[in-house]
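Residues or ranges marked as active site, 4-aspartylphosphate intermediate in TrEMBL: D666. Among the features that TrEMBL reports, Mg(2+) binding site is placed at D666, T668, D1127, D1131. If you look up TrEMBL, you'll see 41-52 marked as compositional bias 'Low complexity'. Taken from TrEMBL, the feature domain 'P-type ATPase N-terminal' applies to 179-224. What TrEMBL lists as region 'Disordered' is 1-62, 81-101. Among the features that TrEMBL reports, transmembrane segment is placed at 209-226, 232-251, 550-574, 599-620, 1188-1204, 1216-1237, 1267-1286, 1306-1326, 1333-1354, 1374-1393.
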Amino acid sequence: MTGMHNTPPDTPRNVMSPFDDSYRLESSGSLGQPQAAPRRSSSGSNSNSGSFGDDHSFGKTPKMATDAAKFESVEMFEHANDLSTSNLQNEASGDDPVPTKRMRFATTRRGMSRKINMGIDRSKTVKWAHDNLKEVFRDEKNIDEAEDAARRNRASEQRRVFFNLPLPQDMLDEEGRPASAYPRNKIRTTKYTPLSFFPKNIFNQFKNFANVYFLVLIILGAFQIFGVPSPGLSAVPLIVIVILTALKDGFEDSRRTILDMEVNNTKTHILTGVDNANVPIDNVSLWRKFKKANTRVLFRFFQWIGEHFTATGKEARKQRKMRELRMKKAGRAMPRNSLESFPSFRGSADYPRTSLDFVRPSLEYDNAPGVEAAEGSTLVDPSMPVRPDCKFKKNYWKNVRVGDVIRVHNNDEIPADIILLSSSDADGGCYVETKNLDGETNLKVRQSLKCSSAIRTSRDITRTKFWIESEGPHANLYLYQGNMRWTDPATGTLNTEPMSISNMLLRGCTLRNTKWAMGVVVFTGDDTKIMLNSGVTPTKKSRISRELNLSVLFNFAFLFILCLIAGCVNGAYYKTNNVSRDFFEFGTIAGNPTTNGFVSFWVAVILYQSLVPISLYISIEIIKTAQAIFIYLDVLLYNAKLDYPCTPKSWNISDDLGQIEYIFSDKTGTLTQNVMEFKKCTINGVSYGRAYTEALAGLRKRQGIDTEEEGQREREGIRIDRSEMIDKLQAIFDNSQFDPERLTFVSKEFAFDMDGASGDTQKKCCEHFMLALALCHTVLVEKDEKDPNRLDLQAQSPDEAALVTTARDVGFALVERRKESVVLEVKGALQEFEILNILEFNSTRKRMSCIIKLPPVDEKSEPRALLICKGADTIVYSRLDPSQNDESLLEKTALHLEQYATEGLRTLCVAQREISWKEYQAWSEKYKVAAEALVDREGELDKVSELIERDLILIGGTAIEDRLQDGVPDSIALLAEAGIKLWVLTGDKIETAINIGFSCNVLNTDMELLVIKSGGEDVADIGHTPETVVMGLTTKYLKERFNMTGSEEELEQAKKDHDVPKSDFAVIIDGEALKIALTGPEMRRKFLLLCKNCKAVLCCRVSPAQKAAVVKLVKTSLDVMTLAIGDGSNDVAMIQSADIGVGIAGEEGRQAVMCSDFAIGQFRYLTRLLLVHGRWCYKRLAEMIPQFFYKNLIFTMALFWYGVHNDFDGSYLFEFTYLTFYNLAFTSVPVILLGVLDQDVSDKISLIVPELYRSGILRLDWNQTKFLWYMVDGLYQSVICYFFPYLVYRRNGIVTNNGLGLDHRFYVGVPVTGIAVIACNVYVLMGQRRWDWFTGLFIILSIAVYFGWTGIWSSSLNSYEFFKSADRVYSMPSFWAVLVIGIFFCLVPRFTFNAVQQMTAPSDVDIVKEMWADGAYDMYPADYDPTDPAQRKIARSFPRASEQYYKGDSESGVARGHGHVHGDNYGASSESVIVEEIPMDTLDKENDKRYYGDSLGPLRPSMQISRHSMGGSGAANVAGPRTSLERTRADMLAANQLDNRYSVERARVSLDLPGVTHAAALMKQRSRQD
């Protein structure tokens, strides 16, 4: 290995980063202590590497695999599936000569019987592999900063954790306490604490410049020099907005606080009695006690609120009271609910675990002292005394510390990141569910360390001494490296066992199918991987709020100009002499004209402050809060199954929902249910199964077929076939595990063939195929908790569960898995099959196999072995024996698989090979050697598997549907019509992602798939390095498909283009290529331009950081609004990077929900959230904000015009209460109701005509141009409001009937205010799209308040100069005349403009509203939702509105007609296709080589599949000329053996791509030998 360094013995200890090239570990003499005994490996081999002075020091670890996984590299994420599928079963132990062997891919455990060379330098190990790590971190210099920041990598901060040992001196401080400070396991995801809420919230609010501005004005107003009549009253608006915002922030944060309390007070079992030297004694200070008291008070307050104001809380309170009463009557006190603060909310640790009775039998253990340790050295020291005082006791998660030993029970969550020491499995294995981390419900295997697997009880663990050398915390969910170190109790030598991620249980995972697991804590709290991936929830601000700052800045500039004019004029006025002022004023307030002008400037700032209205911010907070409440209360967004409504978590960004242009979606758990259903299969050239998939429906829709009618017809046919199949299966044989309700494979023909309807040969073919599915798997069985007679299947992957479930339904039920065998119920009879080996699936092999022992034919012969292999169709076809497989049969199977793939189904092939016992034993020896390899064990095992997984005979193929969530295709189609682009970012493999792409209609058969990858034979001519290949492919696609070069000018043009891409292209890229594509500005720009011009983008095998980097690239480079949606913690980075983050609160975990802005129950709710609520919120706020500026400008500019006549001396035109009530009562409610309740069209029409959403994407409803036009209109109306009343008084000495004058400034202010109030409220009504009695009532009331307040307040003596003003002004006809005329002239320009625009250039909304008035939408029910599968789809056959309004493509807008297209061939193509009804009488049974005995059912001696193809017209002659694939296809279509309703042509691909099944490609693989 290059880059090795030998460390001299006298080299001082180096504490540099282990990722530095010059890093060295401690030498044997670094601590300067006496030598210990010679060290050896755990197997007992001596090491000559040198002596060590301290058993706790770092030593040289055994060499592991050289190809280490890299942080954020694609290799690592390819290994992620390996980790999740490794170690499914326990290694066999006992006296059986041929125990079950399993290839434990990605579980790189050293064999305990192998000697380990302790003399290998540490730099050669995988942990510190110089070459790999150097290359990784050299590459990282070019990674986008967003990806680097998201990683949060502190792996270089290595740590040592000791158990039952004192800490070495270098880990202690001067006072002898632990020097390392680890975070507590108590987590906090909230922004505030009870103590920090007030100061922190106030500080955050006054980060807003507007709040600081208003505070300064209030302070200025407190000085009499500025002439504010009531400083206290002027402070009320700011106080109100601060209090309301604080209450909103507190309410938002309270839910997080409660959830944190629940998590932190969940109970687990911690070992007590053994001192933990890794952390200091937790002495609770007075400050912490004070904080705890505050927390308790807060919690009890929340509890009191819940118990008195919520239905569930009242019920809980009632139950608690009854329980206390029962305990009191029983004479017992209630048990203490909390050790420190408050009770736990999680019941997993507080209630009897009935589920433990149903744990699989292999995980039971005997507590008797007879459990032997695994071969090799063990941690347990029998010479140490037993400590009965050490026991596992219940404690809270928040009290778990680094170095603690904890025990977790079945169905409990893991409280911290722990190293697995042992489990109830004798082999130390356990199963975890990681849905909180990655959204996947399938079980993953974790393996305990071999040296600790014998530990069973607390007494065993107390008789151990060991320490752990661990890397530091980092966010990578799929990588961990460390060493377990201990001194052998028998020989005194130092032993080491390496640890990987397969030996770690991560916080947030749930223990499944394992009675208990025991481990030592290495990471707690914020250091755990789930918390590192969660990060800090960012504070987001909506686009309108950000752009509002520009409008406010404009008003500031305008305000400055007004104040400057006022100051200059006033200063100039005080320079003049010989004016009346000299006789009435005694000097000036400021002393000289210049100072007077300066003071007048600030007086004007106070006077005209409403140009930047504080009431606007109050109104926006009220509106956004109401919008969030309406979203929460929408019953059409409520998921009844989960009892979960749409939950807004960030209330201030709801308007961004109406401007989304790009959606970035995860796949598993977001688009899909992660539930697989077996739909079809092909056996011996015969296709079985009937299904109508989403992909098929999408294909038929593109052909112009009414899929609603066809789907109903197909579903009815499936229902009938299902009933007949169930009746037939129940009549053929007894099946104790058959559940008709769960049957997904529907084929009455298969049931009849199982009864011999098509001949005995086809019957045996079907039986053998299903038996192979029932044997070749790693599925576990456990009893159903509700029905003990039923068995539930627990599988590592949902695909495998679907296969075994279907085999069970048709009579081959798995009832028990033992260590060396499986027990099946075959057609009602129990049969046991001995399993010799299981070669497990991984992403490299793309297949799995099992080897079954067959009994000898007679007493003299040897037994035989049968290998059953299932895997990807291309992989299996490449391993078929050309001489043992009929060409015609292969062609038929390939054509069936091609058809299945066209329907969006995931295809799989099943094959077998019979092996002689001698050949098997020879192979088994090679397997054992590979399984014990310490270097590249996975590669060695893979090579050995290649030796036996060849020369196969095809049995058949399967087709599985990855169930989409309800309404996903319809939702995606609606979003696309709305102009929203959907990109899929998934960590899953390419094949799976492509299948889902076709199923949900993101991809279609008309597209060309542009593949971007970093290597391969088909791209050898493009470049020699991954970087040149990715750059070459991207440049080539841009040039050839779009005639682009990827220049900056093209990017600038792309920013202005918001149309949906017109070309039928899709980009498919994997994680390794994406990493390169995100490197460097030129590469990112070209990649972005390529993706923008494609209709679909699928990024596969990407890391969480890469997801976030893609989102940020699009968001910042194209200046568009983005939304990310996911369900697991691996989606958190993406969710937080997008403008809007949506979490799916499904059954696959809710980690993403905790960090999201909105939480929904299913993907389909996103459509209504965006197209209805998002559009409404955006349009309402886009109209409300300029209306608010407009109404304040009228009132403020009237004061300015008055200043022209008084030299801007700061006197008020209006009575002071008018200044307060204008925004508080006279004009506030109508504009707020506009922002809360206005609807241009109903929710039903918003979904029927999704093109209306595009105005938000194009930002037509809110922009600075619109704002400026409203300001111009307000400026014009301010002139009318002031000068019309002024002109009335200027030429006429108006007096009342009693002779009193009306020339007081406050009296002139009454009509000015009246015109402004009425004109503003009517102006709001003109801007509303929906008029109803409610908003109309409040507009009338607001106007009435103006008249009423004037009369009431002027009747009081406290009004002083304003006394009796209403009586005088209202009695004058001139007041009413100027009021009416002024209002008319204020509104006539806007009214005229609106009327002319609607008649000459109506908007799409105008046209749609006219259509609605004409009854075009009457056939749709009020609650119509096209994404709801329970509702009947109603096709849209009316013409759409004009597209010119959107300045976009006329073909993609609402102007196009969109009616039904019924082809002439529809009647013919709608015939039911029964592909299973194929004559079986022509089979040449005499040449059939299969033999089935009686004792073991269908699995007996020869087991060779017939090489005779079953056809509709007779048997194919093997010796005859080969039939071409095209002729076979034509023959099958003619014989109705293929679906003739549609073409099976798949999407075109630019390069070789897995997951796109072509029959021709499969046939090319048929003779390839590895």
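Quick reminder: no glycine exception, Cβ is built from N, Cα and C everywhere.
Remember, it's a predicted structure, so these values are computed and weren't measured experimentally.
Here the recorded positions are D666, D1127, D1131, and the one ringed by the most other CB atoms within 10 angstroms is D1131.
Of the two recorded stretches, the transmembrane segment (1188-1204) lies close to the transmembrane segment (1267-1286), with three or more CB pairs under 8 Å once pairs fewer than 6 apart in sequence are set aside. Summarised as a single figure, the pLDDT of the domain 'P-type ATPase N-terminal' (179-224) averages 80. In this structure the alpha carbons, written CA, of D1131 (Mg(2+) binding site) and D666 (active site, 4-aspartylphosphate intermediate) are 7 Å apart. Taking CA atoms as the reference points, D1127 (Mg(2+) binding site) and the residue listed as 'active site, 4-aspartylphosphate intermediate' are 8 Å apart. DSSP states for the domain 'P-type ATPase N-terminal' (179-224), grouped as helix (H, G, I), strand (E, B) and coil, give 23 helix, 0 strand, 23 coil. Long-range neighbours of the transmembrane segment (1306-1326) within the same chain, counting only residues 6 or more positions beyond its ends whose Cβ lies under 8 Å from a Cβ of the stretch, are 1187, 1190-1191, 1194-1195, 1198, 1212-1215, 1218, 1222, 1226-1227, 1230-1231, 1234, 1277-1278, 1280-1282, 1284-1286, 1288-1289, 1335-1336, 1339, 1342-1343, 1346-1347, 1350, 1361-1362, 1365-1366, 1368-1369, 1375, 1378-1379, 1382-1383, 1386-1387, 1390-1391, 1394.
Long-range neighbours of the transmembrane segment (1333-1354) within the same chain, counting only residues 6 or more positions beyond its ends whose Cβ lies under 8 Å from a Cβ of the stretch, are 1215, 1217, 1221, 1225-1230, 1233-1234, 1237-1238, 1310, 1313-1314, 1317-1318, 1321-1322, 1324-1325, 1362-1367, 1369-1370. Among the recorded stretches 550-574, 1216-1237, 1267-1286, the one sharing the largest number of Cβ pairs closer than 8 Å with the transmembrane segment (1374-1393) is 1267-1286.
With a 10 A radius on its CB, T668 (Mg(2+) binding site) counts 28 other CB atoms from all the protein chains.
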